[in-house]
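Here is the structure we will look at, set down as structure tokens.
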Amino acid sequence: MASMLLNSLRNCPVCPAWAVQSAARSLSTTVQLQAQVQTKSKKTLARPNVKNIVLVEGVRTPFLLSGTTYSDLMPHDLARAALQGLLHRTAIPKDVVDYIIYGTVIQEVKTSNVAREAALGAGFSDKIPSHTVTMACISSNQAMTSAVGLIAAGQCDAVVAGGVEFMSDVPIRHSRKMRKTMLSLNKAKTLGQRLSLLGSIRLAHLSPELPAVAEFSTSETMGHSADRLAAAFGVSRVEQDEFALRSHSLAKKAQDAGLLQDVISFKVPGRDIVSQDNGIRPSSMEQMAKLKPAFIKPHGTVTAANSSFLTDGASAVLIMSEEKALAMGYKPKAYLRDFVYVSQDPKDQLLLGPTYGTPKVLERAGLTMSDIDVFEFHEAFAGQIMANLKAMDSDWFAQTYMGRKSKVGTPPMDKFNLWGGSLSLGHPFGATGCRLVTTVAHRLQKEGGQYGLVAACAAGGQGHAMVIEAYPK
Amino acid sequence: MAGVRALGALSRITSRRYTLTTGSPFRTFSVAPAMLAGTHVNYEVKGDVAVVRINDPNSKVNTLSIQMQKELTDVMNEVWSNNAVQSAVLISTKPGCFIAGADINMIEGCKTAEEVTQLSQEGQNIFEKIEKSPKPIVAAINGSCLGAGLEFVIACQYRIATKSKKTVLGTPEVMLGLLPGAGGTQRLPKMVGLPSAFDMMLTGRNIRADKAKKMGLVHQLVDTLGPGLKSPEERTIEYLEEIAIECARGIVNKKIPLSKEKGMMQKLQDYIMSFEMVRNQIYKTVHGKVMKQSKGLYPAPLKIIECVKAGIEQGPIPGYLAESQNFGQLAKTTESHALIGLYHGQVTCKKNRFGAPQKEVKTLAILGAGLMGAGIAQVTVDKGVHTILKDTTVSGLARGEQQVFKGFNDKTKKRNITSFERDSILSNLTGQLDYSGFEKADMVIEAVFEDINIKHKVLKEIEAVIPPHCIFASNTSALPIKEIAAASKRPDKVIGMHYFSPVDKMQLLEIITTEQTSKDTTASAVAVGLKQGKVIIVVGDGPGFYTTRCLAPMLAEAVRVLQEGVDPKKLDALTTGFGFPVGAATLADEVGLDVAAHVAEDLGKAFGSRFGGGNVEVLKTMVDMGFKGRKSGKGCYVYQPGLKVRDVNPDIEEILEKYKMTPNPAVSSDSDVQYRLVSRFVNEAVLCLQEGILSSPVEGDIGAVFGLGFPPCLGGPFRFVDAFGADKLVEKMRRYEEVYGNQFTPCQLLLDHANDSSKKFHK
């Protein structure tokens, strides 16, 4: 099935202008660093007067379907587990880290700065400041790039970035009217005032307010938008199911082969030790074909089987300046190079972040599609991935909507999400970004490539892409 | 009111902008290309489904013209005889339009009522065949599906519509003085129930797709798509087609049932409707409502009730017969001619005959955040134009900004726009007290107090800060523009833009040019007006321009009628009985008695005794006592917030008693009072054409109907003269002239028409 996809998507032309650019690029890099790079005779992306920033280590808790083993925890518990895992793996002294940044989407109101709560709980020095960022599904990407920024600016040398999402419990609020009454009740002075306020409560006030899974600006749920996007690019149900099956099969293979080294074991209080993702379930095309559309009924194509599921999980990475890492005796996994954030129309192009981000980041890095050895794209929906691949392969789209001369081309499928993706491994919104980056680093080491590309879409019509370079062996 | 509502709705069906698709290079057909290719209709067989595509290459909209009908019939016959075809999909490839209705020219081209009846019967026959089609037909609707278009789809077995904002369904025939003449009056009640069917056919309002689904008018909805590998419009139509084809197959395979299980409410409603007494009560109620709203001046609504009743009570044969015969009769009524004339006039007045302006207005500054200023801002901000609203006081500005906010917030509450759209629209509005940012303004519209000295002061202040290309427009209702322009350093950039209150509801914009106004300035003002969604007339300069000048003598006459002892309620009844949507006394209250007094005095000075009649002192005394009309709570009537019923202001009796005049019984019958009011209006309108204030009778008619509420069933003053007879009108005026003098002297142009009956304003 994967080969079927390959046949249809493989043609990926190289833009000559970029090739020239990439050849001309980084001639001035230091001799010492160039000497280190030997793989495939490609140049390094190191630049003069720009600090080399490295990924030292990346871990994550197992990603579990929400409502399973993690269901009684709180978000900071998961984040704490990831941080402890990172401490354990790296054996970094608890006071060496300069800063901690976490990404999350649905915030637990009790721990709105979840980074701080988790860091304290994980035993980090209380002298390390922490903050929490949010940018929908690219929240932990934002945490990582914020860390890169702090290091590049010379503010810090070692930063822990991560992400957490906990969908087993979400804040459900009283209705606005009820809240208003309750707040007024606080201020009421006499019994009479209190009684009259209590008397004003109507049955309708008691209906709760759930956190919206819909885009605020358009009131459209993401699944609905994904279905429309798939239809706009003419992605069929079969294509989507095939891609979902591919994701689950590859994830299963990677899990069985022990390739998912970033997963740490986690002793859940009151439960067993969890050491594996539990959402990987390769099915058959026949089984998947039986499902009814989940969002657009009756003719939609996005189903439960070809969408990412609600997931609990946390991730953490240790990012350092190369000098510091080497000084501390670490062997870095990869360089974090150029990155971009993009945004577009949140209604009709909600999930096209990778399409917009990829050419932009490649241009920045002076690379072309063919230079990339490892692709890790966030799989929100199979239909979203297929739509992005088609958009990247369309000159018309590039010219009409992106203001580019030609298409960027599609990633070859034999380099694309080979260890599964968000569809199968799970997608804890705030934590996925670190998983993508760590996976690229691990795949580059395993497969011997030099450049990796991460791309992801996010609510709000935003997107992110980052180029990662293998650390020389 | 029905008339005004009808016209309001009329605007929605007219003059949409459609872009023709530029081919479809990506389209790959799996099967043989069109087997039968006409210019308007072609069809292609996909598997066992015939896809019938319609697109009129010569027009922006699809209409069921003779050509279209012929080709459709041919194609459908082919579909029915093709054994490989099991079902059919009917779709339009024109973005934004399914079928916008029958071809009006086709109806107008008929000489007799019988010919029109014949047309109706042909339509009925085609749709009957569609309804009885052995192969299910799925109508795939994207864009406007109106009139005969709607009648077409309700004859089909299944309907799918896109959720596009452009997808609207409706039967607007009543607004043209017609009825749905191709089976609509017979099928619609069965499909959506008697009350909804009456509502649709009698109001002619457009129904959006989601509402249509709830009503049971369409079976399934399809989302619109964003950009993909083709333009969103093109791909949405393609997607709709794909789903419709699946649906057609599903119907043939019996996977999709055609008859829906009826809900409890539906069963209950059917049961209640099975009693003749209940139905009769509905007919009676609806009839009563129509009579109350239309005063019996519009025959079409009554005929619609008659046709529906015939179909339900006597069966289909008498029903369809009644429909076709009444359709024929209605098409030949003066009311229908008048309404169709207005429709054409409106289309004309939605075009910019001055060409494209050199520079598009991207920043518009408005001076004065009063009712008018804020209203102008409201119709501008949502068109993507940066709008500066300037006032002199914080409280005035706050009130104005709140008015704009409320306008859009109400739309949010009605779910026409989302709260997010509201917010982003309002981000185009800047409220301020100073002239900062005026250096970027492309146009300034002033809506400050109507005083020539204030206008001059403002003009000078503005010209000191605006860039050289910036246009200065004055929203004045009576001050001559050349007097305002006298203070300007660049009179070629000065123009009048007379909006009507409330600006967001009234469709008319009267643009006033002086001899010095440049053509580009006019083109730019018209372009802004069109963007604001206005129907535009461009008139010459002079006291009162066109609209105010026509209204003033009529109001003067109304005051005289009051002085002659006619009760304001009676005056209102007489005017509304003639077809005015708002009675003369109420209108004066709405306009504001202070404004009316001001205008009457000004124009009285300019035009002399011709504008006399009622004593201006009556109005002045009322204003002095604080009776300024609705805005002050008291005028001819007493207005209480929340109360719809209003009583005549008891205090004005005293005033009227003081200025009492003795009526002359020879010219004081109800009918005479009506014609006294109307003839002065009409005579002044004709005089405006004679003097060149108006450039055409069409603009005169549109201005009078859309700006002043001249009876829509009469089609405007000029069409009224044509239909009523200039000679008869002159005869009446001569009679009044004998009593009242030169106020009723017919103008030369009217006399010319009276002397030569072959002379008509409208050909």
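For all residues, glycine too, the Cβ spot is worked out from N, Cα and C.
Sequence-distant neighbours of B:Glu510 (active site, for hydroxyacyl-coenzyme A dehydrogenase activity) (same chain, 6+ apart, CB under 8 A from its CB) are B:Gly496, B:Met497, B:His498, B:Phe500, B:Ile536, B:Ile537, B:Val539, B:Phe545, B:Tyr546, B:Thr547, B:Gly703, B:Gly707. Sequence annotations record features per position, and here TrEMBL assigns active site, for hydroxyacyl-coenzyme A dehydrogenase activity to B:Glu510.
The domain '3-hydroxyacyl-CoA dehydrogenase NAD binding' feature in TrEMBL is assigned to B:364-541.
Residues or ranges marked as domain '3-hydroxyacyl-CoA dehydrogenase C-terminal' in TrEMBL: B:544-639.
When secondary structure is read from DSSP and collapsed to three states, B:Glu151 (site 'Important for long-chain enoyl-CoA hydratase activity') falls in the helix class. Residues or ranges marked as site 'Important for long-chain enoyl-CoA hydratase activity' by TrEMBL: B:Glu151 (among others).
The site 'Important for long-chain enoyl-CoA hydratase activity' annotation in TrEMBL covers B:Glu173 (among others). Neighbours of B:Glu173 (site 'Important for long-chain enoyl-CoA hydratase activity'), defined as other CB atoms within 10 A of its CB across all chains, total 28.
According to TrEMBL, the feature site 'Important for hydroxyacyl-coenzyme A dehydrogenase activity' maps to B:His498. Within 10 Å of the C-beta of B:His498 (site 'Important for hydroxyacyl-coenzyme A dehydrogenase activity') we count 26 further C-beta atoms, all protein chains included.
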Note to self: Can you tell me the CA-to-CA distance separating B:Glu173 (site 'Important for long-chain enoyl-CoA hydratase activity') and B:Glu151 (site 'Important for long-chain enoyl-CoA hydratase activity'), as a whole number of Å?
What the structure shows: 11
Checklist line | B:Glu151 (site 'Important for long-chain enoyl-CoA hydratase activity') CB neighbourhood, other CB atoms within 10 A | finding: 30
